[in-house]
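K.L.:
The following feature annotations were taken from TrEMBL:
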type     : residues : note
SIGNAL   : 1-21     : signal peptide
DOMAIN   : 27-305   : domain 'Ribophorin II N-terminal'
DOMAIN   : 322-425  : domain 'Ribophorin II second'
DOMAIN   : 433-556  : domain 'Ribophorin II third'
DOMAIN   : 589-689  : domain 'Ribophorin II C-terminal'
TRANSMEM : 600-622  : transmembrane segment
TRANSMEM : 634-656  : transmembrane segment
TRANSMEM : 662-679  : transmembrane segment
Amino acid sequence: MVRKFGFLVAAILVLASICESAIFNPISESHRSAALEIFSPSDGSFGSLEETYEALRTFEVLGIEKKPDIRTSACASVVDTIWSTSSPLKDLFHALRLNGILKCELNNEALGGIASRLKDSLNDANSLFDFHYSVGGLVLIKDQISEVDVHLEDADKKFRSIKALSQSDGRWRISSSNTESSTDAAGIALETLAGVISLASSEIDQSLIATLKNDIVKLFDGIERYDDGACYFDEKLVDASRHQGPLSASSSVVRGITAFAAATSESLNLPGEKILGLAKFFLGIGIPGSAKDFYHQIDALSFLENIRQVFIFAGSIPLISSFPATVLSVTRKDQLKVRVSTVLGSASPPLSVKLMQIFTSGSKDASVVDQKLKFDADNAVHVLETLPANVGVGSYIFSFEVILDNPEDKKNYATGGRTKVSIHVTGVIKVDSSEIAILDSDLGSTETQKKLELPGENAISLSANHLQKLRLSFRLTTPFGHAFKPHQAFLKLRHESGVEHIFVVGNSGEKFEILLDFLGLVDKLFYLSGKYDIELTVGDSVMENSFLQPLGSVELDLPDAPEKAARPPPLPVNPYSRYGPKAEISHIFRAPEKRPPQELSFAFLGLVLLPLIGFLAGLYHIRANLKNLPKSTVPATFAFLFHLGIAAVLVLYALFWLKLDLFTTLKALGLLGIFLMFVGHKTLSHLASTSSKLKSS
C-alpha cells in the first residue's frame, strides 16, 4: 500500500511539473532511433521520390550513417524520371532534390534537357506550385552542375507574376482563381522567389525586394504564441484537401525566409524571440508519429541551426536551455544542471548561466539570487552546486538567464532572455513526537496514551465510549530543520461493517493534531458501536517518504440509535465484481420414472419368447422339411435373403420392445415386408417350377 501511494505521489509530481512550465530539449539520440523506425523501407524502397527524399534528408540532418541502402533503386527511379518526357513537374523537382543527396550518374545532356523543359514550363505556369517546381528544379540543377545555363532573362516578369498572388496580411494564394490565402503557400512563395532572385541574369528591382521584406514582417505579425514562449504559424482550414497543419505551415515559412535571406543577403527586421519561439515550437512537439511531420520538424530545425550562414538578423541562431532533471533530492544530494546548446544539440559558444530569481510555487513574491552556475567542461553542463539558503523541501520556480561571454556572439545567437523552470526539491521528512491518546471529556485527563512509529509498524488497541475523545498528534520536519506542511494529512476510521469516515488532520503551526470528540460524532458515526480500524495518510509531491499505513484499532461503545437517526449508507458495489466468477449453475433434470421390479420384467420377457419356442416345437412336431432348400445359385440366394428378412423382422420386434417407437417400427416393417414379398415370391416360384418338373417326369 505504501509503495502504491508513493507511485501516486510521483505521478502527481510529474503532472505538476508539466503543467507549471514546459521543458524544451534539443534533438537527441531518441530522435535518431525513432527516425530509423519511422522511415523504414518496404521492399527496398521508401515509396515515391518525395518520400525517399524526405527520409534521406532526415537521415542527413540527424547524421545517421547506418541507414538503409536504397541507393540503387532510388537512383534508377531518378534516372527514369529525368529521362522520361512525360514526367510531371512535381516528380522532376523531387528527382532533382533526391539526386542532390545521392549524386546519381546523370550527364550534362540529361540535365540540360530538363533545364530547357523547366524554362518552357515557366511560360505556361498558372499556379504557385507550377512556379515552385519549375524554379526549384532550375535552382537544383544550378547547384549540382555549372555547365548548364539555368539563368532567367525575364526574372523581373516572373517575380511580378508570383508576387501577384500575395495578400495584404503576408499570406499567399495558390492560384489567381483561388481567392483563399494560406500561410503554407507563403513559405512556398518565399522559397520560389528566392530561387528567381538566384537565377536572375540581371539584378532584380530593389523595390520588389523591399515590398517582399515588408510582406515577411506582416506575416510574422500574425504569428501565434503559447504561454511557454513557443511560436507557430497557424493555418486556416479553407480547403480540406490541401489543408496543412501548424507544423507544416511553420516549417514552410522557415524554409522560405532562410532561402530568401540567403539569395538576397538582406537583413530582415524580425525579433529574435520569435525565431527562438519557433525553435521551441518544433522541439516541443517531441517525436512526431508520422514520417511527414518528422521530416518537417527536422528540416525546419536544420535551417534554424544554420541560420547564421544567411545573416538574417542579429541574434538569429536560437540557443536552447535544457534541464536533465527538474526534481532534486536533498537526500541524494542532487545538483541542478543546465545544458545550453543549439536546436540540433551542437555546442554553444562560451557563455554563463545565472540563477536570477526564485519564486515560491503559488506565490508571486520572488527572492533575488543572482548566482552564477559553475561550468562543467567535461559534461558541457552548468551546475548549481549548492541550493540557496532560502530553498528547502518544496516546489519553486527558478528564473535563469543565459549571458554570452563574447559580446560579438550576440549578433549570431538568440538566448531569449530569462527562462523560468519549475523545480521540485524533495527529501525525507522526519516524523517525531507521534502519539495517540484517549481523553476523558469531562476532566480532559489522559486515560490511555501510546507512542507511534511513523512511518513504521503499529498495532495499537484502544477502547472508548461516547463520553471520551481521541487525540492524534505528530510533528513533521524537513532535512533543513524547518517545519513541513504536506498537501495531504487524513485520518480514517473504518467500522467492521465497512462504513468509512475520513477526517482532516489540522496544523497548529508546530505540529499536526486532530481531536475527535465522540459525543459530537455519534450522528456522523451512525451510532455504530464496535471495532474501528485506524488509518493515517500523510503525503506530498516533495515528500519522499509519504505513507499510508494502519495504526491499529479502537473499540467504541456508543449509545443506541434513536428512531429518527440516520442510517448507514449502503456499501458501494465494487464495479469489478461483475467480472468475477459467477455462481455455479445447478441443472434440474426430470425425475426418473418408476419402473417395475426386475423379476417381473424377466418373467414378461419369458412370456414373450414362449410363442417362438412354441413355433419351433410345432415345426418339429409336424416334421417340417428344412432340407428342401434350392441348390442353384440364384434361387439359393433368394431363399437365403428370405430367411434373412424373417430374422430381421424378429430383430425389429426385439428393438421395438427395447427402444423403438411404434411409428419407426411400422415404417421399418413396411420396408421389410416389401423386401420379403419380393424375395419370397422368387423363392416360391422356383419351388413351384421344381415341383412341376418332378411331377411331369
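Backbone N, Cα and C define each Cβ position, glycine as well.
So where do these features actually land, and what's packed around them?
P.N.:
Across the domain 'Ribophorin II second' (322-425), DSSP assigns 5 helix, 56 strand, 43 coil.
Beyond the transmembrane segment (662-679), the same-chain residues lying 6 or more positions past its ends with a Cβ under 8 Å from any Cβ of the stretch are 638-639, 641-642, 645-646, 648-649, 652, 655-656.
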K.L.:
Looking at the stretches 27-305, 322-425, 589-689, which one shares the most CB pairs under 8 Å with the domain 'Ribophorin II third' (433-556)?
P.N.:
322-425
K.L.:
Helix, strand, coil residue numbers for the domain 'Ribophorin II third' (433-556) per DSSP?
P.N.:
4 helix, 73 strand, 47 coil
